[in-house]
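J.: This is the structure I have questions about; it appears just below.
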Amino acid sequence: MNSSHTAFVAASFFFLLLAATAVLVSADLASDEQALLNFAASVPHPPKLNWNKNLSLCSSWIGITCDESNPTSRVVAVRLPGVGLYGSIPPATLGKLDALKVLSLRSNSLFGTLPSDILSLPSLEYLYLQHNNFSGELTTNSLPSISKQLVVLDLSYNSLSGNIPSGLRNLSQITVLYLQNNSFDGPIDSLDLPSVKVVNLSYNNLSGPIPEHLKKSPEYSFIGNSLLCGPPLNACSGGAISPSSNLPRPLTENLHPVRRRQSKAYIIAIVVGCSVAVLFLGIVFLVCLVKKTKKEEGGGEGVRTQMGGVNSKKPQDFGSGVQDPEKNKLFFFERCNHNFDLEDLLKASAEVLGKGSFGTAYKAVLEDTTAVVVKRLREVVASKKEFEQQMEIVGKINQHSNFVPLLAYYYSKDEKLLVYKYMTKGSLFGIMHGNRGDRGVDWETRMKIATGTSKAISYLHSLKFVHGDIKSSNILLTEDLEPCLSDTSLVTLFNLPTHTPRTIGYNAPEVIETRRVSQRSDVYSFGVVILEMLTGKTPLTQPGLEDERVVIDLPRWVRSVVREEWTAEVFDVELLKFQNIEEEMVQMLQLALACVARNPESRPKMEEVARMIEDVRRLDQSQQLQQNRTSSEATSNVSE
């Protein structure tokens, strides 16, 4: 009897335990659901946010991801970027989601202070709140227990103010910290974050020296803070020291009078000696200059002196192709309608546009206000004959409408110059990243640029040529934002490709290993450019540890995000403003990932890439046409 009673009690306890566990699990998920409903009830939002008790929380609610592999099945991600949320976040709503790992509310119209219960969620790893209007100070008291699991914290483009709280130093796992475009002030010595790899504090009101552990960050991480100083910005200037009796006397006051007189004599002797030395060096310089001038007048290859009288003959009178090398030093191409010579270029006002893989580019404004771009090449290994042959090829290729027109070139022993048409709208890199506050590159423009660039590369490949240096700064734009590829097929004039900070992020893995470019590596580089247009990120290098440069591997980053099914986090925040382009964006993302396949043989040919982009663009245009037609019909029905 006793054993039967004991078995009954044990069985009852077991079933009660199971029931309690089930109730607890249900309560956890139910509490998550109630917290989300409270948030939706308090924050105005568009109708498309379909949160209600009649739908399954984990499978049907927009923006919600649950960890269904866990028996507790908790909400682990809330992703609502650019959905039109408006208002402040009440406490005890999202802050109740204690299993949350990812929270993305970027690109909405949220304002007010940041609830401390969100920042202190114990499991939170990724927090994206950029491009809202949050305000107030982030004091240490308001962050008593900020989540130590945070890996990415993005509070950029808000109106937060005050000092950067010292509580952030507790973020031992953080690798990305974005605080740019706020109103933070004060010093930044509290940011003792050894684990951080990428930091951006630009466009705040911060002051003081940059801490040692942040000095390897790029300059753009700190610009817009006029009171910040130290590497990578300008050196800090020592402050004025007020006189004090406690300060040591100047050394000269402690010298014996005789020694002081001796020191004066030494100083006078040094000054006289230096003056004589400078005078002697000046005489030597003048002698050398006179000899060099005589040599140039007698037939040397000086850049300034040998003009060949280009002004005496208009460029269009020279016939087809390149002018006779013996007649002129500045060789014009057939379609060049300008009339200037090398002396005009040398006298023109010049502005440095940038340094590329092959040399430095200058904008030169001639006396008749004509603007051209002069690229001064460096480390050319080709002979004069090889150089001229390559120029003929480049001149013919550049007749395609999607290449920057090459107007003329100059070759001498010491100088190699290329003269291009000046493109008024700059480069793709410039409009994407040059001014973060006014980027404004819409989807249609990006597709237009991708289409034209793919046609240019496809045409180049059809002629059996390789570009070898495809990157966003080499995609220049006309007044109508039509893309024109520059630096076409110049790679053959130089040594094997070099990996500079502005190129290595675009280079295919095999180029980095073998230093050999191919049409397949061109496809890879173009794939990186597409990813750049889709994500808004730059595949440039960042300073790393021990003076090594750690590359931001854009393809790898995109793959990792897509693998975690966070596809929405991949796309540029600017693109989320546009409606009904999600399908085209995903198709372009898939195409770009095919282009950046690690195996060269797995990449599509450029002809196929150009055709697929055309298909996506046609789909985009047809959907836009259908949308306009629907809107027009709706307006007509209302008016009737």
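Glycine residues also receive a Cβ, built from the backbone N, Cα and C atoms like all the rest.
In case it's useful when we look at the structure, here is the feature table from Swiss-Prot:
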ACT_SITE  D469  active site, proton acceptor
BINDING   L353, G354, K355, G356, S357, F358, G359, T360, A361, K375  ATP binding site
COMPBIAS  621-640  compositional bias 'Polar residues'
MOD_RES   T370  phosphothreonine
MOD_RES   T445  phosphothreonine
MOD_RES   T498  phosphothreonine
MOD_RES   T503  phosphothreonine
MOD_RES   T514  phosphothreonine
REPEAT    99-120  repeat 'LRR 1'
REPEAT    123-144  repeat 'LRR 2'
REPEAT    149-172  repeat 'LRR 3'
REPEAT    173-194  repeat 'LRR 4'
REPEAT    195-215  repeat 'LRR 5'
J.: Let me spell it out: take the repeat 'LRR 5' (195-215), skip the flanking residues so only those 6+ beyond its ends count, and list any with a Cβ under 8 Å from a Cβ in it.
T.: 156, 164, 171-189, 221-225, 227-233, 236, 542, 544, 550, 552
J.: Rounded to the nearest angstrom, how far is the Cα of D469 (active site, proton acceptor) from the Cα of T503 (phosphothreonine)?
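T.: Cα-Cα, rounded: 7 Å.
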J.: For T370 (phosphothreonine) and T514 (phosphothreonine), determine the Cα separation and express it in whole Å.
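T.: On Cα coordinates alone, these residues lie 43 Å apart.
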J.: Which entry in the list of modified residues, T445, T514, has its Cβ near the fewest other Cβ atoms, using 10 Å as the limit?
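T.: Across T445, T514, these modified residues, the one with fewest Cβ atoms within 10 Å is T514.
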J.: Run through the repeat 'LRR 4' (173-194) and tell me, per DSSP, how many residues are helix, strand and coil.
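T.: The counts are 0 helix, 7 strand, 15 coil.
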J.: Including all protein chains shown, what's the count of other C-beta atoms within 10 A of the C-beta of T370 (phosphothreonine)?
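T.: Within a 10 Å radius of the Cβ of T370 (phosphothreonine) lie 15 other Cβ atoms.
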J.: Compile a sequence-ordered list of residues in the same chain as L353 (ATP binding site), six or more apart from it, whose Cβ lies below 8 A from its Cβ; state 'none' when nothing qualifies.
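T.: Same-chain residues close to L353 (ATP binding site) (Cβ under 8 Å, separated by 6 or more) are A361, Y362, K363, V373.
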J.: Rounded to a whole number, how many Å is the Cα of K355 (ATP binding site) away from the Cα of D469 (active site, proton acceptor)?
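T.: Between the Cα atoms of K355 (ATP binding site) and D469 (active site, proton acceptor), the distance comes to 13 Å.
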J.: Within its own chain, what residues at least 6 apart in sequence put their Cβ under 8 Å from the Cβ of G359 (ATP binding site), listed in sequence order?
T.: K375, R376, L377, R378
J.: Measuring Cα to Cα, how many Å separate T514 (phosphothreonine) from T445 (phosphothreonine)?
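T.: Distance between the two Cα atoms comes out at 36 Å.
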J.: List the helix, strand and coil residue totals of the repeat 'LRR 1' (99-120) as derived from DSSP.
T.: 4 helix, 7 strand, 11 coil
J.: Say we define neighbours as other CB atoms within 10 Å of the CB. Which of the recorded positions K355, A361, D469, T503 has the fewest?
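T.: Per-residue Cβ counts within 10 Å for the recorded positions K355, A361, D469, T503 bottom out at K355.
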J.: Over the repeat 'LRR 1' (99-120), what is the model's mean pLDDT?
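T.: Looking only at the repeat 'LRR 1' (99-120), pLDDT averages out to 88.
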J.: From the Cα of T445 (phosphothreonine) across to the Cα of D469 (active site, proton acceptor), what is the distance in angstrom?
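T.: Approximately 23 Å lies between the Cα of D469 (active site, proton acceptor) and that of T445 (phosphothreonine).
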J.: Quick check: in three-state DSSP terms, what is G359 (ATP binding site)?
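T.: The three-state answer is strand.
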J.: Can you break down the repeat 'LRR 3' (149-172) into helix, strand and coil residue counts using DSSP?
T.: 5 helix, 8 strand, 11 coil
